[in-house]
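Visitor: So TrEMBL says this about it:
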- A:12-38: transmembrane segment (TRANSMEM)
- A:13-378: domain 'Cation/H+ exchanger transmembrane' (DOMAIN)
- A:58-78: transmembrane segment (TRANSMEM)
- A:98-117: transmembrane segment (TRANSMEM)
- A:161-178: transmembrane segment (TRANSMEM)
- A:185-207: transmembrane segment (TRANSMEM)
- A:227-256: transmembrane segment (TRANSMEM)
- A:268-285: transmembrane segment (TRANSMEM)
- A:291-312: transmembrane segment (TRANSMEM)
- A:360-379: transmembrane segment (TRANSMEM)
Amino acid sequence: MAADLLELGQLFVVVAVAGAVALRLGLSVIPLYVVGGVLSGPFVAGRLGLPYVENGEIVTLFAEVGIVLLLFFLGLEFSLDRLLESRTKITRSGVVDIAVNLPVGIAIGLVLGWSLVESLLLGGIVYISSSAIITKSLIDLGWIANPEAEPLLGTLVFEDLFIAVYLAVVTSLVLGGGGDGMGSIVQSLAVAFGFLGLLLVAVQYGTAFFSRVLDVSEQEAFVLRTLAVVVPVAGAALALGVSEAVAAFFVGMGFATSGHREKIERRLTPVRDVFGAVFFFWIGVGTDPTLLAAAAVPLVVAVVLTTPAKMLSGYLGGRVYDLSKRRSLRAGLGMVPRGEFSLVIAALAAGGSTPIMREIIPAFAVGYVLVMSMLGTILMGQSSVVERLVFRDGEERTEPAGG
Amino acid sequence: MTVYESDLPGVGKKHEVELGDGARLVIVTHNSGKREVFRRADADSDSEKLFELSDQLARQVGTLLEGAYFQPVQTDRIETLLGEDTLLEWVEVGPDSPVAGKTLAESDLRQATGASVIAIERENEDVIVSPGGDAVVEAGDTLVVIGQTDACRDVLSTVRGD
């Protein structure tokens, strides 16, 4: 017990320091939490003979709560009405986003000789952009007040919806597939969609229930009641082999219509941030840096191919929103950062049955998120340089005409 | 003046106000309540951040801008335009007003003018919202009236006894 508490204490010290460094450097906290986890885990601190944090039961459970709360907040922010309101634009930019990026990831996996499920996991990891990092950068750079914020945030809404469906399917493939043939896959998919379907119906008709549960003014009771709905539903889902993340997403959608959305966001954000930090740290703890070498080939190929792919799809998304070429290019740069959801997919893969799923994909995802979160943030910060590089031809042509 | 409103999923809401010279004022209201105010010189330029305010500070500054404490431009009444031809208007009941001391039913403003009294503000008391016909209007009250522009003018002259 004392050892566990000390270990948890070490975790929070590392995370707090990582957060301070991120703040100092103006970076997103996510990659730094992950690096903190790698350094203080068994593979680095452990090998050096320093006190290290083990990938133990407690940390894993906290990390699991982190995943649940991350997706719960995603559901809370997700509004079907908002999606329907500007559905043509969001759908068109969202479909371009999927059509370009998901196949690139899947193809990389297949070319490397991975199985279909493994390639699908890789596709998801490179497809899904980071809402947290992108939103933070938009605010930091002041782009939030510019027109390019709209295609960026709109496309992220579409990605959120897609990732819910994706996680539901892929969780069944990874946890239920087990390699014993089509029958068990079909069965686990049926269970997943049965459970999630029921949950969706409950969410749709349960607005009165959700608002009654939260109709309390004490902060403590409010927070506890929210957790008392989200965590058990997610737990029940996981017990049935259904994605706990998607279940939490749906509960979030239910709470969003209860009229308490902003209050939940205000009061539960600190809770989410604590468990979220543990989740990112935990991902790092489970990563053996020497495995990064094994994942080096897919990593380099993925960075080289998926950076321009995201920029292209983001650019086209900007054009769908009738933005100028310069602003569309920014929308492209803005979509590059990958983060929390790629790591959620990696955590799912880590529960799989093949060595590629258990070791290579999580190591790949950690390396990929570290590179892409930094690269994306840098590209956004240096967008004026990129704009000059890309549009240099155009300017050269217009200059002689003008002078 | 046109105001454009759009959602910023995960962040809050954005309002853009045309300033008349092609520039726009962009107000980003975060879910946390924080306001960020930007100015965009024209459609092609980037928004420049002017300042940011906490929720409470933004409300206080907003009241100042509204002219609640000081209005150098003399207007004889405060009015708010709702749509093309409908006004929300505040009318103070003077001591000599013909409606002072009467119930709303007795002064029968709605029948006479077509505008409705939707609230009565009384100093040091709660606002009477949606007052019934038996509500008594006292000198010193402020009536909140809604109606067509003409109807509101009529209420104004009736209450003032012009």
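The backbone N, Cα and C atoms fix where each Cβ goes, glycine too.
What does the local environment look like for each feature on the list?
Guide: Beyond its flanks by at least six residues, the transmembrane segment (A:58-78) meets 4, 7-8, 11, 131, 157, 160-161, 163-164, 230-231, 234, 244-246, 248-256, 261, 264-265, 268-269, 271-272, 275-283, 285, 340, 344, 347 of its own chain at Cβ-Cβ distances under 8 Å.
Distant neighbours of the transmembrane segment (A:161-178): 74-75, 78, 83, 94, 98, 117, 120-121, 124, 128, 184-185, 187-189, 191-193, 196, 241-243, 245-246, 249-250, 341, 344-345, 348-349, 351-353, 357; these residues of the same chain sit at least 6 beyond its ends, with a Cβ under 8 Å from one of its Cβ atoms.
Away from its own ends, the transmembrane segment (A:291-312) comes close to residues 100-101, 104-105, 108-109, 112, 122, 126, 129, 329, 332-333, 335-336, 359-360, 363-364, 366-368, 371-372, 375 of its chain (Cβ-Cβ under 8 Å, at least six residues beyond either end).
Beyond its flanks by at least six residues, the transmembrane segment (A:360-379) meets 27-28, 30-31, 34-35, 38, 118, 121-122, 125-126, 130, 133-134, 137, 283-284, 286-288, 291-292, 294-296, 298-299, 302-303, 306-307, 333-339, 342-343, 345-347, 349-350, 352, 386 of its own chain at Cβ-Cβ distances under 8 Å.
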Visitor: Quick test of the contact rule: Cβ under 8 Å, at least six residues beyond the ends. What residues does that give for the transmembrane segment (A:12-38)?
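Guide: Distant Cβ neighbours of the transmembrane segment (A:12-38) are 44, 53, 130, 132-133, 136-137, 140, 277-278, 280-287, 289, 337, 339-340, 343, 366, 369-370, 373-374, 377.
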